[in-house]
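Listed in TrEMBL:
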REGION    A:1-70  region 'Disordered'
REPEAT    A:303-337  repeat 'WD'
DOMAIN    A:393-472  domain 'BING4 C-terminal'
REGION    A:508-606  region 'Disordered'
COMPBIAS  A:529-540  compositional bias 'Basic and acidic residues'
COMPBIAS  A:541-559  compositional bias 'Basic residues'
COMPBIAS  A:571-581  compositional bias 'Basic and acidic residues'
COMPBIAS  A:591-606  compositional bias 'Basic and acidic residues'
Amino acid sequence: MDNLIAKADAIRPVKRRRIGKDDQPRKSQSSAKASTSHDRTLESVSLHTVLPKSFRSSSPPPENVPKYSHIHNPKLRTQLTRQSTQNARAKALLKDADLLLTEEAGMMQVEGDMEKTWRVGQDEVVKAAGEEAARGRKEWTLDGGPYRSKYTRNGRHLAIVGKKGHVATFDWQSGTMHAELQLRETCRDITFLHDHSHFAVAQQKYVFIYDRDGVELHKLKSHIEPTRMEFLPFHWLLATVGNAGYLKYQDTSTGQLVVEHRTKLGACNTMTQNIHNAVIHLGHQNGTVTLWTPNLPHPAVRLLAHIGPVASVSVDPSTGGRYMATAGQDGTVKVWDCRNWKGSVRQWSTRGGGGELEWSQKGALAVATGGSVNIYTKPSIQTPFAATVAPPLYLTHPIPHRPLTSVRFCPYQDILTIGHAAGLSSILVPGTGEPNFDSMEADPFENKTARREREVKSLLDKIKPDMIALDPEFIGSLAPPPKLSTAVDGAHDIPFARLPRLERLRVSGKADETEEGDAHMQSGDEEDGAKKPTKEEKEKRKMRGKNKSLKRYLRKQRKNVVDPRAVAVRTKLEKQREERRKAKAIASGAEQERKPSALDRFKRAS
Amino acid sequence: MPFAATEWLGFLLQKISVLQHAPSQHLPARPGDPTPTSRNLDPLMHPFARARERMRALNAAKMERMFAKPFVAALEGHVDAVETMARKPATLDVAASGSWDGGLIVHDISRRSQLLSVEQAHKGKITGICFADADRLLSCGVDRNVKLWDTRSVPEEDERGAGPSSPLSIYPGKSAFNSIDHHRSDPLFATASNLVQIWDETKSAAVSNLTFPTSTETISAVRFNLSEPSVLASIGSDRTFTLYDIRTGKAERRVIMQMRSNSLAWSPTFPTTVLLASEDHNLYTFDIRSLNTPTQIYKAHVAAVMSCDWSPTGTEFVSGGWDRTVRIWKEGVGTAPEVYHTKRMQRVMSTLYTADARYVLSGSDDGNVRIWKAHSSDKLGVITARERAAIEYRDALKDKWKMDAEVGKVSRSRHIPKPVYKAAQLKRTMLDAQRVKEERRRKHTRAGENKPKAEKKKVVIAEQS
């Protein structure tokens, strides 16, 4: 056998080795050997064996990648190393990608305390703006009643609707009109669907869908007397709410009415979506704000925000939907933290009663109340502040045509469009738009083929309505630990082979029970503190009036029986003792702390 | 004052800037140019990135299953079951097959034609085939002969009509041969009958006989190691796996297993790895440096595994079984192989990977050699760079999301014939019952007396040297 394969050392009949026992010395030996003598097996087989090109490492691995040298299983070790190397590489590349962001955001600054940015009027801003940007300042004088507007996701196209039924969609940059309709009935809202090729209008009785040229495509008869609409672009859902107080989701790709929720809170005039988790926020007449998802028949969150009716709601896209602003008819504006609903972060009162709200991409908040639009910027509106005073004003613009019915920031531009009784006016608000767009998501300059391509891609990536939840990151994360167990008092009657997998792991001590372990540790500490029960407790637990001799007999009998439960308890106690000893040893420095294991990544936080 | 006003305005001009996109940067410079794209990798710009990626992964998994059409063609010509196959060295598309009726065919796989067809190459069944070099083919059969054929000769019938060609030479043996394999470089070949014999091509009698002392078994397969060409492995009817060295002319080591093996293959890339297809429905890889346990058990067949062959990359291998299925395994992954079947395919007696690792051949009881794709959803033909990138992206997605319940289910589930499905179910039930019984028995014996044994430790009964 010695000369079976090139008389190599490695081929010699191997002695039984115990893995883990003498790991350390063996490793040092082998490394020493590798450094002094060459590997003869390798030499003998390398003549006929070549590692394929795809298996050779192309570039040196990035630094500070965790080494998994303590993991015995070579397959797992290789896989983990490869994964973490790739992750490190990707992170490094992501850092480099910041160089691609070439465009600069707008801004407005003053020097000294005496100067205020809000003193700057639109004329000065327009004068200071470049030629292309100055075209954003516009006044549309229209006589269809108070107007509402909506931009497409790329900010290129604008849809407007007047209360008396004037509907128009156009490319505001090039000035090309797509469609103009006089519907001759009350129209309450308008929204584009996935792009400018379709738009929906909330009319007197139903929702109607028109194509780009203004041809009526669908009458959605299930949406009765709609007041507000939102389109969820990644789910292809049109959500509407109406005077009857029903929130309805219609899938615009399949045409199905996905779900309808009865809010039980009467007519609703206020609606917005959180673009980061597709939750619909509704503001109601009794001052509550409710958050809805299609998979829950009741609101995910119900919040009493105002004393009077809620006039407007908006969610901050710049912080991943963390902040929500509400305006009430009582004349207050409140900013809420969506992670903690206990009280508003900041609130202030405005003149002129209820107003319209909108957050911009960069986190500026526009508040239209009375006869003016006020814009506030980020750090001050989101920092907790007890007093009910307005945050420092960034910009203000008076509009003489009351009421102001909508405020919309144009995506990827420093433009705010205000709808009012005499039409619409666009003003320039420096620093509110995101300067760098992503062509894969929304591109203001996309051509016809790109638009078609994106439509198909987004249809393929359409997310199911059921996946909407308050925390969108639950997808791809660990499932919560199942509560159900087949064990009765920790012991099973079922044979091991027929147990479900988790129970099997639990029995063999391989399940991840970090949380429970922690709880045990805490309880153990408590035990130390309150080891001796009080006299009353002793009295209480003492059994009375039972036959003691029989019990003793039974106890003695029981000693010969191997009770799996007792064994389990004994091993558990042993384990705890061992852990305590280890902790003590680590604290005193006698022992090294445990090395991180491959399974650590599956441990739950907290 | 006007001076002050202008100064103030000048001050403002410096301090106000409004965002504007230059159209020249974002529009194609000339008509026909590609539109410039810009990227912003800020996670806030990509809402639902994870959910959308998951949908993409799900679509990729579904697409893979939709385009999974592994069957390419069936090569006809044999009258009886195809017992053995061999691929021609240094070619991608030539393979030879031999059948139970003594027919020998050299197939051109890409043209699906026959380069050589000998109807009665042997009397009785052909049991082994291998290429001696590029143009010569060795075959052995139960008629106790080894024959050397020239595959270049164009089949022409001579005046007697006695068939296309006659062998270059015949090596008569004493007993029926079961397998043959040629040395990688030297003009030597090994045959398996009731002993392993080494032959020189130029001599008509065996050069040497190799046998394990005290062995009285029938050897069913013999294979040379590919990297260390003087090492030889064989399997026998005594449930043995034996290693020989032709330099010492001895059997070096023998392993007796629980069940006998039906086929044997050396890994082309890991010289110490050998694959055994066993009668107990499993395949085993062994590292010959430690033969007491297999490195991996491959469990999925529901009947005896009749044949196996490594992919030239050494990362995959194919096996054919008595359960009428062909399975393609990844090295080191012991479960859930790719499974191929058709209505008309009978017991698979021989399997073969082509040299480009893209196709798999299977020879079955019904006398057909079938060509399958090694990866069922592979696209054949020219693939553009863009398409290749898309395919690689989809593969990466599937791999990343394989733990997702829905994605995993789509990519894992396979339709298999009802008898195979039922047999697998029955087998699972029986094995479970056995385990439960053993466990109960253990529970009622004295603690520590009857310890559970790992599956890997049960395979080898004895190791002899």
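From the backbone N, Cα and C atoms, a Cβ is placed for every residue, glycine too.
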Give me the mean pLDDT over the repeat 'WD' (A:303-337), rounded to a whole number.
95
Against which stretches of its own chain does the repeat 'WD' (A:303-337) lie, if we need a Cβ under 8 Å and a gap of at least six residues from its ends?
269-277, 279, 281-291, 344-363, 365, 367, 369, 378, 381-382, 388
From the DSSP assignment alone, can you count helix, strand and coil residues within the compositional bias 'Basic and acidic residues' (A:571-581)?
11 helix, 0 strand, 0 coil
For the compositional bias 'Basic and acidic residues' (A:591-606), what does DSSP give as the number of helix, strand and coil residues?
5 helix, 0 strand, 11 coil
